[in-house]
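If you look up TrEMBL, you'll see 29-38 marked as compositional bias 'Polar residues'. Residues annotated as region 'Disordered' in TrEMBL: 29-60. Summarising the annotation, TrEMBL assigns repeat 'WD' to 185-211, 469-490.
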Amino acid sequence: MHRRANWKKSVCPVGQALLRRDDDISTTFAGMSISPEQLNEEDGQRKHRRRGRTSDGQHMVASTSSYYDLQYVWTMSRRLREGRSSTDHFPALRHLRPTITLAQAPGGVNRIVQNRGSIAVASSASGGYEDRDAGGVTEVDPYNRDGALSVWYEGKHYTLLGHRREIGHDVPEYTLAPVVKYYAVQDVQFNPAFPNRLASSANDHTVRIWDCSLLPQSERKPRRLRMGPAEEQILRKNEETRALVHTVKCNCTMGQLLFKPGEPVLAMGAHDGSVYLLRDDGRDKNSLALTPSHLRLSRRSDNLEIGDIAWGLGSQSDKLFASSMTKGEKGFSGTHRVFDVSTERIAYTLRLEEAGNSIGVHPTGTTVAIATKSAKHAHSLYLFDAARQNPDAAHKVELDSFHQDVTTMKFSPDGVYLAIARDDNMTDVYDTRSLSRGKLHAFTHEPGNVFAYSKDIYGVVEAQWVEGHPSGLGLVTGGCDGAVRLWDVRLASDDPGNGVPIAQCEHDLGHFSLGNMYENERLLVT
């Protein structure tokens with residue numbers, strides 16, 4: 001997105017908003033915005049989070065040779081709208097506006113997470129792919145730079161520099177200073193048991209544990225002596241890697257990270273078709289190294305990778321659900337298993353052999369939904385009885401025929417509705433009480449200008465449920481039209497007041513995050 005035209009106001013299509021001067025709490029929230037900029041990005045590093053892998057091709061933007069993709073933090077401003085709108089019962093999201101621009105990321109955003117006022121952003125980097133040459137890297141993309149992992153902590157922005165490699169000694173022609181390669185960061189997650197700590201995974205085949213409380217809290221003091229580029233780089237590296245407490249070396253890239261709710265147990269979905277468990281119990285960098293446990297989902301020779309992982313809830317909280325899929329879409333097979341993390345053994349294997357795109361867990365933990373792909377345009381939805389640990393599907397629903405994949409799948413807080421977000425810019429909503437009747441809603445984002453310039457369409461990148469006030473249920477989605485839209489399930493899909501943009505960017509979104517303002521989080525980060 002071009003930073004000189006980075007946002008525009010969202011206007012309700014059924015009426016003009018009137019600003020309310022009373023009870024305006026917009027000034028009570030500080031915000032941030034991280035705007036990545038790069039030239040001619042190899043957006044093969046921009047991955048689909050639920051598959052834990054990257055896609056081939058190049059993401060391009062109209063009217064410029066540079067790639068801009070701004071992310072914003074939006075704060076609340078109360079507005080009163082005339083007529084019916086999907087925002088009527090969601091006053092906190094009725095109108096949002098951007099605030100402060102803080103930094104730039106080097107590529108498309110892969111993940112945005114919030115935790116008690118802190119924000120972490122993982123993004124790709126031009127040339128930040130895995131090292132394909134076993135003998136070492138021989139050259140670095142000229143547009144490769146740092147910034148793929150950044151955090152907003154206690155009112156300050158930091159760039160975490162761990163996912164990097166100095167290759168100057170491997171390349172004889174580089175004699176003045178070491179050449180540094182920065183890798184694309186696939187995922188980042190906060191540790192729910194230790195809020196200051198977070199885990200990140202990248203294409204350098206490592207998972208790194210960071211402690212934000214170790215970040216420098218004061219501005220760098222000016223130095224009397226002028227330093228050269230190499231000395232400045234060493235000083236910055238020492239400052240920004242101070243928070244790095246553990247580095248876990250892996251055999252492949254960990255495409256997806258997911259902490260167990262409320263506990264420091266990290267599940268990692270790998271590109272080798274396995275799941276790994278890591279317990280980050282808060283130990284410091286001088287303690288023993290962290291060693292992950294290996295839960296094998298499939299054989300390495302099966303050419304599978306993890307499609308999605310999900311923790312069980314309620315009585316199934318010690319269960320971890322995992323699905324795999326064929327690498328590179330050269331086939332449509334997969335393995336689906338349930339692990340008991342208390343024993344680190346397989347609890348049971350689901351009788352399902354199709355490629356797994358996404359997993360959704362009912363709020364009570366009694367039902368697990370898996371979206372699969374059995375052919376190029378064939379998609380299915382399977383529901384399993386997790387309470388009885390039945391390996392056979394209790395229900396099967398044939399989804400619409402479309403070429404892309406299911407990006408994410410979420411049950412509503414009451415468990416009545418199931419939202420299925422898709423790569424083709426649509427989100428289907430089903431009533432779980434009457435699945436045989438077909439989908440209840442088909443919420444569609446506008447195409448956006450990305451269709452005309454790239455074959456790599458990321459569609460609806462995220463979907464999150466929100467509860468209305470005093471009642472109602474809404475679904476927030478972000479699509480390639482650059483809009484974050486709010487849908488009311490009580491309104492018709494084609495109602496002109498439904499799907500009102502609560503935030504609008506000029507190009508497709510990489511990811512977004514809704515926060516809890518009662519925990520000092522931002523209402524929306526994109």
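Cβ from N, Cα, C; glycine included.
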Can you work out which residues elsewhere in the same chain, 6+ from the ends of the repeat 'WD' (185-211), have a Cβ less than 8 Å from its Cβ atoms?
45, 47, 49, 52, 110-111, 113-116, 118, 120-125, 128-131, 148-149, 151, 160, 162-165, 243-264, 266, 268, 278, 280-282, 284, 290, 292
For the repeat 'WD' (185-211), how many residues does DSSP put in helix, in strand and in coil?
0 helix, 18 strand, 9 coil
Counting by DSSP, what is the helix, strand and coil composition of the repeat 'WD' (469-490)?
0 helix, 12 strand, 10 coil
